[in-house]
């Protein structure tokens, strides 16, 4: 099983962190937590409202608090928001308290998956492709830097990606326990 206290899913919006994460958590009998949902619960309002009235810095502060609290537990699968990686403290905590899986996706697949999504504050722009490309350029190196495992989810259904990730995680953890 996972040698780290938690399993942490990172990656851009639309990569499948929540949908795949729920399935993985169920398979490995982990408690599932989504940082965006936890932020909404803590703030008592939507992420869009937080961005609109309090700004992105306040959202990132709440995100840091929520992630810190979630990582203080064990046996959790934590699906993070796409921008969680931007904070150096978050990156450090995720590496220290989790096995980090980067769900990688290209911008064109993101556009397809997010075509009907009108709720993400960072996508409330006319040129979504440019926004996603800019976010990709900024965040991709950070995702790769802290990832213990990278899985590309382009052209995979959530079920296929889940099955592949279960195989990859099981093989990795068995290998880790055999060398320990």
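Even glycines carry a Cβ here, placed using N, Cα and C.
What Swiss-Prot lists as ATP binding site is 14, 15, 16, 17, 18, 19, 120, and the listing cites sequence analysis. Marked as Mg(2+) binding site by Swiss-Prot on the basis of sequence analysis: 18. Sequence annotations record features per position, and here Swiss-Prot assigns substrate binding site to 36, 60, 82, 139.
Reduced to three states, the DSSP call for residue 19 (ATP binding site) is helix. The distance from the Cα of residue 36 (substrate binding site) to the Cα of residue 18 (ATP binding site) comes to 10 Å. Listed in sequence order, 158 are the same-chain residues at least 6 apart in sequence whose CB falls under 8 Å from the CB of residue 19 (ATP binding site).
Apart from 36, 60, 82, 139, the substrate site neighbourhood in this chain, defined by C-beta within 8 angstroms of the site C-beta centre, holds 13, 63, 80, 81, 83, 84, 85, 86.
Among the binding-site residues 17, 60, the residue whose Cβ has the fewest other Cβ atoms within 10 Å is 60. You'll find the Cα of residue 17 (ATP binding site) roughly 15 Å from the Cα of residue 139 (substrate binding site). Checking each of the binding-site residues 60, 82, 139 against residue 14 (ATP binding site) by C-alpha distance, the shortest gap belongs to 82. The shortest Cα-Cα distance between residue 16 (ATP binding site) and any of the binding-site residues 60, 82, 139 is the one to 82. For residue 36 (substrate binding site), the Cβ neighbour count at a 10 Å cut-off comes to 21, with all displayed protein chains included. The record assigns 36, 60, 82, 139 to the substrate site; their largest pairwise CA distance measures 18 Å. Cβ environment of residue 15 (ATP binding site): 82, 103, 104, 105, 110, 153 lie under 8 Å away, each six or more residues apart in the same chain. Here the Cβ of residue 139 (substrate binding site) has 18 other Cβ atoms within 10 Å, regardless of which shown protein chain they belong to.
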